[in-house]
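These features come from TrEMBL:
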- B:26-50: transmembrane segment (TRANSMEM)
- B:95-115: transmembrane segment (TRANSMEM)
- B:127-148: transmembrane segment (TRANSMEM)
- B:169-189: transmembrane segment (TRANSMEM)
- B:201-221: transmembrane segment (TRANSMEM)
- B:253-277: transmembrane segment (TRANSMEM)
- B:289-310: transmembrane segment (TRANSMEM)
- B:330-350: transmembrane segment (TRANSMEM)
């Protein structure tokens, strides 16, 4: 199969979820009361809103991830042609990785990798 | 004995015998989609059973043994039960995103399954950027988890989803970089070609020292990326209820559960394909019987799945700061050095060719 496989598998996944949901709705026994529809919190009533400002540390790691993920995207074409190019590719990537390594070192020293 | 294994072509030729070309190609696609859906659900149900059996053996129990012979139908019964349960949830949830989340996790893991060469020619989608496609697709699953946790409007779910997000994106780097290390040897991203290269010896042998390091990093990062123990703070039962799928019930819960096990299978299958020669038999002992490739591929994959289950019962759960320290301060710098080492070895031609 060619690249139409992406569409076929996308549709297959959607059909699987939608179909099973439909089947489940069809045959399941239904009952309802107000308590059942409360958010689950081990039997306690939820206090305050859930959608609040979240700890900023998570976002810091997301930004760091972005930098290194782009790095992976840059390295993949390099890795594919490395065998054919040889010495030039090796020295170039050494420079690239040293710059990135310094970036990681900077983030490390600034305490961006610390979790508190 | 010769069995035609090029499924796409075989099915299409068969259908062309009695219907016009357009109808035949569409019907062939539907049949392939159904085959893969069957593989998807059978693999998922079987892995749940294997997980429970392995857990039982590690704890000197028997495990499920009531439904069917040796409890083989246990997960089938569980699935039937989950279908017949009501799809309930909280009224406070953001209903659109809440219902959308399972689609992301299921579609991403199903699409990743499409590119694997189960054996020579048994591959739905032989994409020329296979590894890149796998890395890209596997990062879509985390969107489903984040959406599910956020839309549930439940504190446990939100904390679980945020932990999952930071953990998955962190360890994705290590997965990507360790696979990249192996691409240096193959010079191709296409999975069928990567297997072809390994006819001169599996990549873990060809690449010796850096390949073994890359494999170890890959298994650690893969276990973390699928949110399995010892990296399962996402759904740490003692802290967070059920984590990001606390508010999901019945079949909607089953999607997350199924996708988690299929992701484990995918991580193991990538490792089997890239490091251990995919469907190639050791020393070419069964090269004359091509369909035995399925057996070797699944054998290697399940051996690695067993390894991941072994981790679960060996190591205690990490804290979130220990987890991030492990990735950013140990695995990532080690991985960068490993790439340089591998590049040096490939450049100087020090790989082992059998």
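Even glycines carry a Cβ here, placed using N, Cα and C.
Annotations in TrEMBL come from automatic prediction, not curation.
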Mind checking which residues reach the transmembrane segment (B:201-221)? Cβ under 8 Å, same chain, six or more beyond either end.
171-175, 177-179, 181-182, 185-186, 194, 271, 274-277, 280, 304, 307-308, 326-327, 331, 334-335, 338, 341-342, 345, 351-354
Any contact, the transmembrane segment (B:289-310) to the transmembrane segment (B:330-350), with at least 3 Cβ pairs under 8 A:
no
If I count Cβ-Cβ pairs under 8 A between the transmembrane segment (B:95-115) and each of B:26-50, B:127-148, B:169-189, B:253-277, which range comes out on top?
B:127-148
Report, as numbers and ranges, which residues of the same chain sit near the transmembrane segment (B:253-277): CB under 8 Å and 6 or more residues beyond its ends.
40-41, 43-44, 47-48, 51, 79, 82-83, 102, 105-106, 108-110, 112-113, 116-117, 131, 134, 138, 141, 144-145, 148, 179, 182, 191, 194-195, 198, 202-204, 211, 214-215, 218-219, 222-223, 225-228, 244-245, 296-297, 300-302, 304-305, 307-308
Same-chain Cβ contacts of the transmembrane segment (B:169-189) under 8 Å, 6 or more residues past its ends?
128-132, 135, 138-139, 142, 197, 203, 206-207, 210-211, 214-215, 217-218, 220-222, 224-225, 231, 270, 274-275, 323-324, 327-328, 331-332, 335-336, 338-339, 342-343, 346, 351
Going along the chain, which residues at least six beyond the ends of the transmembrane segment (B:330-350) come within the CB cut-off of under 8 Å?
173-174, 177-178, 180-181, 184-185, 207-211, 213-214, 217, 220-221
